[in-house]
Amino acid sequence: MQLNSTEISELIKKRIAQFDVVSEARNTGTIVSVSDGIIRIHGLSDVMQGEMIALPGNRYAMALNLERDSVGAVVMGPYADLAEGMEVQCTGRILEVPVGRGLLGRVVNTLGQPIDGKGEIENDGFSPVEVIAPGVIDRRSVDQPVQTGYKAVDSMVPIGRGQRELIIGDRQTGKTALAIDAIINQRNSGIKCIYVAIGQKASTIANVVRKLEEHGALANTIVVAASASESAALQYLAPYAGCAMGEYFRDRGEDALIVYDDLSKQAVAYRQISLLLRRPPGREAYPGDVFYLHSRLLERASRVNEDYVEKFTKGEVKGKTGSLTALPIIETQAGDVSAFVPTNVISITDGQIFLESNLFNSGIRPAVNPGISVSRVGGSAQTKVIKKLAGGIRTALAQYRELAAFAQFASDLDDATRKQLSHGEKVTELLKQKQFTPLSVAEQAVILFAVEFGYLDDVELSKIASFETALLDYSNRNHAEFMQELNKTGNYNDEIKDTLKSILDGFKANSAW
């Protein structure tokens, strides 16, 4: 057999041209220990803080501790079958969750996966859970209200769009009830709502979802559930996931409201993770960065200006501002607001609504303590008519509390003091409100007008509730057009004052209660 050198060279060239090798560079590591949802990994030299690490079985862990010779990561989900020696690898991505209008009306877990049995979610994309908050230049001052429908809140501690208003109190004082009613009151306001349940019983979350559905508010709400049975990692990340879903609406020139229920349990979950990662404990065994845990979350709630929205949407949305309003909830122990986490969150937020167990147990619900409840920026966002008429309420209550304490020791009181005590009792009675009965701006205005201009003076204390019910019924039935107009504008002038006066005069002359 004779070999032709030309044929051989052609054959070699052909084979070289056809040769195709696929090389893949992967940053891999090996699990060296697994305990309590924390894995230690040898290798992964290029891993980033907060990066997702791919585990066997289509699961992920988040890198939190970057040490000299190992990486500490927290597993997102079940970890019982993970074992020493298993191979893991970097993904080059941080945690992202689905965002978009398709999530409205759905119940999802921390990772944005549906858990309500209603099928897949059509999302508009993904967003990182950790995002830097808008800068000072991108923000706009708070000057539009978020109506909660509660007389005590909207009159004394008003909330504005883009504000962070803390709801704080002991367990069983009506914190969740207040937040849920605020969500229900937004069903026709155009404000999208996100409810983040952290560390609660699954039955409690199911009850909240049912109540939202019954009152027609679920279609406008995303529920993010990280129940007590979920891992500490998912409870720690749930607020950030919910915030990313809310930012989708804010950045497109819309308004959103997010409730974190509650951040005390998130701090406990983060403390658990930090201690398992062997980070040094500080006050109350919390890690040193627990303040940053909440500040970086709550700073993302803001009102952004038109330029920010236009730049974000690449010119698709013009002339619109967006907002994300946050209602974080903190549970105190025996009314101690000077504990570590409560003081942190009070210092971060723009005000707090303090709910007191003594008031709650004495039948004053919502149990708002007007003495230490405050809204630092909401006053500029308050509806004109409510702002004008609510001025005397806080003063009346403050004077009443002071006199009531003094009256316990005094045997006989002069007429002026007795009159002031009677007025304070009636105002306190009038501010009581049942759950799931939010009031419109016009309804609140009529009630506040009655307080401000002495229409309650001749009404017995025991008849205040029936007086209020009859007054609202009379106003809505006989002056529906005026009430609708007042709800729309929220203005207050001499003409509106005269109309309100004629409504009250007509009611007292012709109605029985």
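Quick reminder: no glycine exception, Cβ is built from N, Cα and C everywhere.
If you check Swiss-Prot, you get these features:
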BINDING   GLY169, ASP170, ARG171, GLN172, THR173, GLY174, LYS175, THR176  ATP binding site
SITE      SER373  site 'Required for activity'
Of all the binding-site residues here, ARG171, LYS175, which one's CB has the most other CB atoms within 10 A?
LYS175
Listed in sequence order, residues not in GLY169, ASP170, ARG171, GLN172, THR173, GLY174, LYS175, THR176 with Cβ within 8 Å of the centre of the ATP site Cβ atoms:
GLU331, LEU355, SER357, PHE360, ALA367
In the structure shown, with every protein chain counted, which of the recorded positions GLN172, THR173, THR176, SER373 has the densest set of Cβ atoms within 10 angstroms of its Cβ?
THR173
Most Cβ neighbours inside 10 Å, all chains, among the binding-site residues GLY169, GLY174
GLY169
Length of the line joining the Cα atoms of LYS175 (ATP binding site) and SER373 (site 'Required for activity'), in Å
13
ARG171 (ATP binding site) -> DSSP, reduced to three states, gives coil
For the C-alpha pair, I'd like the distance in angstrom between SER373 (site 'Required for activity') and ASP170 (ATP binding site), rounded off.
15
What number of additional C-beta atoms lies within 10 angstroms of the C-beta atom of ASP170 (ATP binding site)?
18
